[in-house]
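Below you'll find the structure, written out as structure tokens, and then a few comments.
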């Protein structure tokens, strides 16, 4: 049986959303009690994903960006280059914590990472994710800098979090992010202290994984090269190009 403190981290680079979604679903469906937990680091080409609670009216003008109906909790969000996504493939039952505890740990890891780069942030009780206060000559108020969306199946989590690092934020104007009309969205590049250089994505990933692993109680972390060690069926799914066919989804418990 796998040690509950063991974790594999993979950097999948830039990949289409749908094959990665299919691969993490297959990983979760096929895993057993001896399967080691994994974090998948990935960036996606532009795509809107609509969660199980999503409403069509929250996609204002998708235009040339595809909309994919998915099985995570929550509503619509955007993924694109310059945004770091971490998929959290954990046996939460084996770890001995609940979904809300996992969500809280993910938010705390994001807050700690952002703090290490000079950005003060916080979670909200009423809206999962991580937020920052903005006060400048253009706008003042609150903006979302990181989003969360999970699904639990067989006591195991999949989907995860996305952190806006250095990206084109304009596609967020085509949706009501996470179902909130007019919600402002920001990124690390715009929130880092003025004297800082552009965000170093490698350093950010290292910090985020370290903090996330610590807060979810992993002490034995190994880094796998891309898809090394994954079953061939999952490797094949990750190598596919995205299909825009509609997906038929079963109903399962989920949380954002």
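Heads up, residue numbers simply count up from 1 along the chain you see.
In case you wondered, yes, glycine gets a Cβ from its N, Cα and C as well.
All TrEMBL annotations are machine predictions without curation.
Residues or ranges marked as domain 'BPL/LPL catalytic' by TrEMBL: 33-220.
TrEMBL lists 72, 73, 74, 75, 76, 77, 78, 79, 147, 148, 149, 160, 161, 162 with the feature substrate binding site. A coil conformation is recorded for residue 74 (substrate binding site) in the three-state DSSP classification, outside any helix or strand.
All protein chains included, residue 144 (site 'Lowers pKa of active site Cys') registers 22 other Cβ atoms within 10 Å of its own Cβ. Marked as site 'Lowers pKa of active site Cys' by TrEMBL: 144.
Per TrEMBL, the feature active site, acyl-thioester intermediate maps to 178.
Summarising the annotation, TrEMBL assigns region 'Disordered' to 236-256.
What TrEMBL lists as compositional bias 'Basic and acidic residues' is 242-256.
For the domain 'BPL/LPL catalytic' (33-220), the mean pLDDT of the prediction comes to 88.
Around the Cβ of residue 76 (substrate binding site), 27 further Cβ atoms fall within 10 Å across all displayed protein chains. Residue 161 (substrate binding site) counts 24 other C-beta atoms within 10 Å of its own C-beta, drawing on all protein chains shown. Here the Cβ of residue 147 (substrate binding site) has 25 other Cβ atoms within 10 Å, regardless of which shown protein chain they belong to.
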